[in-house]
Amino acid sequence: MSAVIDDHGHVGHDHHHGPAKGLSRWLLTTNHKDIGSMYLWFSFCAFLLGGSMAMVIRAELFQPGLQIVQPEFFNQMTTMHGLIMVFGAVMPAFVGLANWMIPLMIGAPDMALPRMNNFSFWLLPAAFGLLVSTLFMEGGGPNFGWTFYAPLSTTYAPESVTFFIFAIHLMGISSIMGAINVVATVLNLRAPGMTLMKMPLFVWTWLITAFLLIAVMPVLAGVVTMMLMDIHFGTSFFSAAGGGDPVLFQHVFWFFGHPEVYIMILPAFGAVSSIIPAFSRKPLFGYTSMVYATGAIAFLSFIVWSHHMFTVGIPLVGELFFMYATMLIAVPTGVKVFNWVSTMWRGSLTFEAPMLFAVAFVILFTIGGFSGLMLAIAPADFQYHDTYFVVAHFHYVLVPGAIFGIFASAYYWLPKWTGHMYDETLAKLHFWMSFVGMNLAFFPMHFVGLAGMPRRIPDYNMMFANFNMVSSIGAFMFGATQLLFLFIVIKCIRGGPAAPAKPWDGAEGLEWSVPSPAPYHTFSVPPDMHTLHEHRTGPKHD
């Protein structure tokens with residue numbers, strides 16, 4: 001602390017220089033905006049890579065019969081698509097949004113631990129180099145599904161599995177450090193007057209997400225370490241021959257895996273809770289209940305993991321407990337959906353791109369939630385388990401949920417980041433193409449899944465041909481549209497109408513009190529929340 005105080009001599013001068021020049025700016029930066037931008041670019045590259053793998057999957061499934069790839073390679077594609085989308089596209093995108101926006105939203109000069117921030121980003125390209133390199137090794141890349149169930153990932157795994165394990169370790173370290181940074185920032189660096197219950201919901205959801213990450217990432221590290229031991233050091237954690245149990249793997253993995261899927265959706269909840277009030281031009285309905293609902297979802301996410309394992313042979317009392325606990329998560333989620341709809345109710349709505357993505361988020365995420373409620377019913381799940389119905393469910397939560405949440409946030413804050421307005425017409429085209437493509441791709445999967453088409457298989461029965469063709473066309477449409485998004489973002493960075501400090505009428509929050517584009521250093525002097533409030537509502541007259 002004393003260092004901070006003693007430094008007064010050159011604080012004023014130190015905090016107004018711009019970024020360094022050239023490569024060293026990006027390699028060595030401790031600036032939250034630079035690091036946020038790097039996370040976002042990294043995640044978009046991973047999104048395109050994971051998406052191209054999805055295109056391989058959909059091209060293979062365009063018609064029945066083995067068409068274009070070997071079944072072994074198909075398995076590598078399903079596995080790597082899942083891993084890259086979860087750990088490379090969705091999570092880094094939300095960490096990038098957190099880096100950029102949390103300091104601006106709470107009036108902090110930067111993140112609390114800026115050098116650790118730099119380190120946690122630069123671990124990711126290393127981790128991804130390791131992960132993607134497995135595809136070029138003898139025996140191929142991971143081919144056991146993104147959930148890497150033992151013994152497929154231990155006894156029967158390709159040689160490259162060791163590199164996959166190290167890549168997971170590095171990603172886990174990166175996530176834990178990023179989460180510690182968020183917690184330290186939110187709890188220590190809020191501007192005077194910014195109480196916890198005055199924070200924007202994006203900050204709240206990220207604070208809770210950060211606690212989830214700190215709690216479950218070590219569990220993931222533990223389970224991949226047990227795999228490493230089984231493969232190389234003669235242990236038998238997951239080998240029945242040595243007294244172990246493959247089901248133990250599933251319990252440990254899903255104890256990480258279920259909170260993980262909430263880690264991927266909670267920040268989107270927070271972003272949408274900022275965007276819907278802005279374009280409804282009225283305050284968020286039920287702020288306090290939103291905070292408590294987020295906390296309830298986070299708590300419940302720890303006691304539902306075995307709903308992924310209804311068919312593996314757990315005791316009946318366990319199936320009942322996990323069934324009811326899973327259904328219970330629908331309650332706080334329903335509170336959130338109710339509040340978003342109530343916020344829009346009788347608002348002065350306009351439908352710019354961020355609002356379009358946010359409204360689609362609410363509608364389509366709710367569909368995904370309902371199919372999840374069906375999957376929660378243990379006896380019915382024997383029919384649904386490992387079919388395309390499950391694929392439909394989690395893509396209806398992840399694509400309109402996480403991905404649309406990221407798109408909505410990007411369009412909402414791009415003017416603040418770049419100082420330019422994006423091309424609204426192209427953005428609306430991007431939305432409608434994504435919306436139609438996504439529904440074409442994933443809605444038919446409900447039907448083929450209920451009719452019994454299994455997941456992760458490169459061939460299928462003739463009766464599923466038409467729906468699969470529709471799915472593939474929708475997927476190609478969705479994938480191609482994301483190149484339009486890249487064009488829109490680059491066009492916005494390079495120029496366009498100048499963005500005012502507050503480009504959206506109804507937007508609230510500290511981030512709109514700084515100029516657009518946001519200066520390299522913001523809030524070197526903490527903002528006074530009280531004057532900001534007066535500026536918004538007019539001074540109070542006694």
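Just so you know, the numbers here start at 1 and follow the chain as drawn.
Cβ atoms here come from the backbone N, Cα and C positions, even for glycine.
Lifted from TrEMBL, the feature list:
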COMPBIAS  1-12  compositional bias 'Basic and acidic residues'
DOMAIN    26-530  domain 'Cytochrome oxidase subunit I profile'
REGION    1-21  region 'Disordered'
TRANSMEM  38-59  transmembrane segment
TRANSMEM  79-100  transmembrane segment
TRANSMEM  121-141  transmembrane segment
TRANSMEM  161-189  transmembrane segment
TRANSMEM  201-229  transmembrane segment
TRANSMEM  261-279  transmembrane segment
TRANSMEM  291-310  transmembrane segment
TRANSMEM  322-341  transmembrane segment
TRANSMEM  353-378  transmembrane segment
TRANSMEM  390-414  transmembrane segment
TRANSMEM  426-447  transmembrane segment
TRANSMEM  467-490  transmembrane segment
Dominant neighbour of the transmembrane segment (467-490) in 38-59, 79-100, 121-141, 201-229, 353-378, by Cβ pairs under 8 Å: 38-59
Intrachain neighbours beyond the transmembrane segment (261-279), with Cβ under 8 angstroms and 6 or more residues off its ends: 86, 90-91, 94, 97-98, 200-206, 208-209, 212-213, 216, 290, 294, 297-298, 301, 336, 339-340, 343-344, 347, 349-352, 354-355, 357-359, 361-362, 365, 394, 397-398, 401-402, 404-406, 408-409, 412, 504-509
Top Cβ-contact partner of the transmembrane segment (390-414) among 38-59, 161-189, 322-341, 353-378, 426-447 (pairs under 8 Å): 353-378
Within-chain partners of the transmembrane segment (426-447) [C-beta distance under 8 Å, separation at least 6 from its ends]: 58, 352-353, 356-357, 360, 364, 371, 388-389, 391-392, 395-396, 399-400, 404, 407, 411, 467-468, 470-482, 484-485, 487-488, 491
Model confidence over the domain 'Cytochrome oxidase subunit I profile' (26-530) (mean pLDDT, whole number): 98
Folded-back contacts onto the transmembrane segment (38-59), same chain, C-beta under 8 angstroms, at least six residues removed: 26, 29, 67-69, 74, 77-78, 80-81, 84-85, 88-93, 95-97, 99-100, 121, 124-125, 128, 132, 403, 406, 410, 441, 471-472, 475-476, 479, 482, 486
Cβ contacts under 8 Å made by the transmembrane segment (353-378) with residues that lie 6+ beyond its boundaries: 265, 268, 272, 275-276, 278-279, 307, 310, 319-320, 322-323, 326-327, 330, 333, 337, 340-341, 344, 384, 389-390, 392-397, 399-401, 404-405, 407-409, 411-412, 422, 424, 427-428, 430-431, 435, 438-439, 446, 504
